[in-house]
Structure formats: structure tokens, C-alpha cells
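The structure appears right after this line, and notes come after that.
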Protein chains: 2
Amino acid sequence: MSLPFASRDDRKAVESALAFAPKFDENGLIVAIATDHVTNEVLMVAYMNEESLRKTLELGEAVYFSRSRQEIWHKGATSGHVQKVKEIKTDCDQDALVLKVEQIGSGCCHAGYPSCFYRAVPLESDVTATDGDYPLTQQSEQSYDPDAVYKK
Amino acid sequence: MSLPFASRDDRKAVESALAFAPKFDENGLIVAIATDHVTNEVLMVAYMNEESLRKTLELGEAVYFSRSRQEIWHKGATSGHVQKVKEIKTDCDQDALVLKVEQIGSGCCHAGYPSCFYRAVPLESDVTATDGDYPLTQQSEQSYDPDAVYKK
């Protein structure tokens, strides 16, 4: 049951009305943030065009638009590591989406981690001139071998 | 102590090395997602240019770049409702940031809500043709009067 998106003509209504009026940017994309439905930790940040958003709503699984490949990207379609959508939220001006998902498999990140956000950035109060640049802190270990999953 | 950002020349190093090499897009921006440092709920999605990212690292408070006003935006600088940064994370390709923040005051959203994500979007299995469009579900109440905070 695919329905039209609501008009964005009335800015106040976009913020306060209970009608879905997503805003796609000049590239036809809206940012979509996948979070773990239990811990709320951010798993990854990706983008959707209208077609991938509609497929997400239809399937109940996250479907993105790959900016590098310029194509629809049903996350996990080949590996089986799909993201089951438990809830979708939109923000005040409806130009961003948060997906609460159940990540199937051992992680969402192509680099082998449970989350793409596996490194922390120090504040300036935590660095010294001898560091040369901002040293990141590794926060989680790889949960699977990406070569085995993606290259075999 | 402002330090240089690391080179992005080696794509593999960007993913695996412990050096901060943020990617700014064609508009000079990187997406920054503010989450509550206790619940991990996403509070808002905004953008930073290099100057605002450096100010964030320096101050330990979230400083964004307002795309609508095209200016540096120290969140809460006038209202006092700043976001104290507890942690910053970057993702595999370092083109997105997650900030874990303590939101000072009663909310982060200019529309008066604790979080900008106060409405849920239904999946297609939850709508019917008679809905006309996708009816959103209100998930939280306003926690303050935005007119009183922003217009007095």
C-alpha cells in the first residue's frame, strides 16, 4: 500500500502535523541513521532516495541508496545480514530519519565491526602537541572477517 | 591545542588507522548526530564545517554550521541550552560523527521537544488506502515553550 508523501508547502505543518513529508536534498537523498533497537547505539549513517525509502517502508528492512555505486542498496540482501526495521522516526523539519533496527548477523560495518562507529575522537583537552594529529581510540574489536563475508 | 587532521589519501588507513581524517563533502560539511549520553537516543542531526568541528573539539560543546543561515552555530550559546560533549565517534570512512552529549535545559529541538525525533513513521503494513498519506505518531510532548525561549 504505497501512499503519497504529504506536501512540504507549509513549513509549520511539516513540523507540527502528523503527516509524513520527507525532504530529499538537491541530490534526491535523505540521511538515514540506523540505530540498534535495544541499545540505541548508532550503527551506521547512510542515505535513501525516494525509491529506497519506499522499499524500506514496504519491506520493513533497511534499503539505502549507495552514493558511491549510485544504486539501490538493500542492506544484507546477499549476505543475509539485513536490518529488520522496528521503528522509523523523522525529525522536526523532516530532512532526516532514524531507524531502530535489529541487525541480523554479526555486524553492520563492511570493515568487520558491529557498528561503523568503532573509534572515538579526542577533545583538544586530551591531546598534546607531540601527538601530531588527533589520535583515535579503538572502541570495539572486529566481530567478523569482512574478507570472508564480502570477497569469497 | 589545535592539530592537523590526518591525510585521507590511503583509503584503507582511513578505515583502520587510529588517526582522525574527517571527510568534508562538496559543501565543506560533515554530518554530526547528537545523541543523549545516557539513553543513546538520537537528539538531532546537524552539520559541521571544519571551523565548527575545531570549535567543538576546543570547547567540548557542540558547535555546528547552520546550513539555512550559513554561519557557525554554537548550539545554546544564547539560551544557555548547550550540549556538553561527553564523547565523539567517527565511522569507518570518517564522513560522519556521533556526539554523545549532555543536553543542558529542557530540550534540543527548536519546536519545543526534548529531541527533534518526536514523531514515528508507519511501515506500509500499518497503513490503509483511506489514510491518504503516511500518518505519523506523536511520541513525546513539548517540554518547553519555544516562543518563550526563542522570541522574547
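Here, residue 1 is simply the first one shown, and the rest follow in order.
In case you wondered, yes, glycine gets a Cβ from its N, Cα and C as well.
TrEMBL: automatically predicted annotations, no manual curation.
Counting only residues at least six positions away in the same chain, the Cβ atoms of A:Pro22, A:Lys23, A:Asp25, A:Ile30, A:Val31 sit under 8 Å from the Cβ of A:Asp95 (Mg(2+) binding site). Feature annotation from TrEMBL assigns Mg(2+) binding site to A:Asp91, A:Asp93, A:Asp95.
Packing around A:Cys92 (Zn(2+) binding site) is summarised by its Cβ count: 21 other Cβ atoms lie within 10 angstroms of its Cβ, all protein chains included. As annotated by TrEMBL, Zn(2+) binding site applies to A:Cys92, A:Cys109, A:Cys116.
Positions annotated as domain 'Phosphoribosyl-AMP cyclohydrolase' by TrEMBL: A:44-118. Within the model, the domain 'Phosphoribosyl-AMP cyclohydrolase' (A:44-118) carries an average pLDDT of 97.
Residues or ranges marked as region 'Disordered' by TrEMBL: A:129-152. Outside the region 'Disordered' (A:129-152) by six or more residues, the chain places 79, 81, 105-107, 110-115, 117-122 with a CB less than 8 A from a CB of the stretch.
Local packing around the binding-site residues A:Cys109, A:Cys116 was summarised as the count of other Cβ atoms within 10 Å of each Cβ; on this measure the leading residue is A:Cys116. Distance from the CA of A:Cys116 (Zn(2+) binding site) to the CA of A:Asp93 (Mg(2+) binding site) is 26 Å.
Taken through DSSP, the region 'Disordered' (A:129-152) splits into 8 helix, 3 strand, 13 coil.
Helix, strand and coil counts from DSSP across the domain 'Phosphoribosyl-AMP cyclohydrolase' (A:44-118) read 10 helix, 30 strand, 35 coil.
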